[in-house]
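First comes the structure, then the notes that go with it.
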Amino acid sequence: MTIAPEHNPVFARLGWRDRLGQSAPYLLVPVLIAAGFAAIGAPSSWLTLTVSGLAMGMMIFIMASGLTLVFGLMDVINFGHGAFISLGAYMGVSVLFWLSGWTEAASLALNVGAIGLAILAAMLFAGAVSWAFERTIVRPVYGSHLKQILITVGALIVLEQLIHVIWGAEEIFLLRPESLRGAVTFFGAALEKYRILAVVIGLGIFIAMRLVLRHTKIGLIVRAGVQNGEMVEALGYRLRLVFVGVFIAGSALAGLGGVMWALYEQVITAGMGENMMILIFIVVIIGGLGSVEGAFIGALLVGLLQNYVAFLEPKLALVSNIALMTAILMWRPQGMMPVVKAK
Amino acid sequence: MSDALLSLENIRTDIAQYHILKGVSFSVPRGQVTMLLGRNGVGKTTSLRTIMGLWQAKEGTLTFDGADITGAPISARARAGIGFVPEDMGIFGDLSVEENMVLAATNGMPDPARLEWLFSAFPALRTFWKSQAGALSGGQKQMLSIARAMIEDRKLYLIDEPTKGLAPAIISTMVGALRTLKQQGATVLMVEQNFSVAKALGDQAVVMDDGVVVWTGAMAELAESSALQERLMGLSMEAH
């Protein structure tokens, strides 16, 4: 056999500009946190806002992560994703009400157990509904963005109305479990216990997702499918089955995010998921389609910026995320870390 | 043909409003390298993509290893034993070389002995094993694309223009690897514009023009007759 003659390839060494360009998205979060410190001044306020922003960002990431993979894998635009947030929240809160004895007990174990069961129920419910949703709503409109938008918006409305039918049209208020009420003081800053828990759960889910995506065969198939689904099929994998699995898992995560958001806001409405979709789409777009890491960084930026701006200049809080999206898209028109580049 | 691994009978494929394949019929014998030749735009790539299921045949019958696969999904054709090296190489640029290879080993992890053989054929793959595939040069990507198809035994290899745009040194590496594959008795259907490469590797030749097969026969016969080449493909000896 001919061995490559005189073909001794090496990679060119990257310059510092290229290296900085590659790692720039990862630097944005610490840069924003540092900028927040400089702008706010008071360390205790800054710490409180930072933890609050990180908690908010983690919850948005949990809700957005499935959507970015669904975009990437099958080029499906699902405006109905918000319904799974609401459905998860209602199912989770129903379980928490049912376990009120556990949530009102002054026992951390019982409180966390109640939240764990609520999360489990929310994920199972949202996942089960999403399975039917994919079969009946999404599958017939593969390949047509306009039809996808129209039918998933319609389905979102129908599911919201079904929530009204089942749980009623009124807002439902709830209290956090006993052990998660109040705050702990850290260097003079009041840090809400629940927000700390949200950061821990969000970080745990991000690490778990990275582990699955980076170190398992199914993760490899998903990552490859986001880049070139046709080739994944040509290797012998049934991409549609993978897509259904990702769709269900992503919707279950949206349900989980719904429960966490419900406990964060301490009120739920049928339209809560729909309201969250604006932030979720911002996160998916600025992160780059198909990128879980991009969605994670984008969600943290959105959460932190909203909290800092709301403290510094409340009137600008509403537009801060749109401004963030505009700035990032001017810098990187396909988002920070796009996996899907040319669909 | 009784020993045909793959048969196309009157295959018609449309892309949008264009009729690309207008009744293609030919067979690929087992254990031989069949070259699919013809001028640009005559339907060679479309034929490979139709066999792989990436384009659906509108009419006709595709028989692979005795089974009708005309309507079979892409993944089923791959699992039936068809390995595909597309014209654009189909590399997963955000994955490492290792991940590209592991993904292609659909029956589990890559066989170490097979991997060693591929490393000996394509040493660059070992050098860049942990590197991102998107950062490889065109030639290295082509090597990866072919090695990926070879990571497991396939009954049939569909290879679309493996030497396109490559430097002569890399073409010789590629030809060496494909020759080894041929010596092992693999069945290959290859589209190739480089007639020297086609001549070096091919046992059979199928020549297409305007969406139909215009000539089939032994590669040696085509290689020997410049008049035939001129008539079928517009080639002259100066061109190769």
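Yeah, the Cβs are placed from backbone N, Cα and C, and that goes for glycine too.
Feature annotation from TrEMBL assigns transmembrane segment to A:23-40, A:46-71, A:83-102, A:108-133, A:145-167, A:194-213, A:241-264, A:276-304, A:316-333.
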Contact yes or no, the transmembrane segment (A:108-133) and the transmembrane segment (A:316-333), 3+ Cβ pairs under 8 Å, gap 6+: no
Long-range Cβ neighbours of the transmembrane segment (A:316-333) (under 8 Å; 6 or more residues past either end): 279, 282, 285-286, 288, 298, 301-302, 305-306, 309-310
Which of A:83-102, A:145-167, A:241-264, A:276-304 contacts the transmembrane segment (A:23-40) most, counting Cβ pairs under 8 Å: A:276-304
Considering the transmembrane segment (A:83-102), which listed stretch of A:46-71, A:145-167, A:194-213, A:241-264, A:276-304 counts the most C-beta pairs under 8 Å: A:241-264
Among the ranges A:46-71, A:194-213, A:276-304, the one whose Cβ pairs under 8 Å to the transmembrane segment (A:241-264) are most numerous: A:46-71
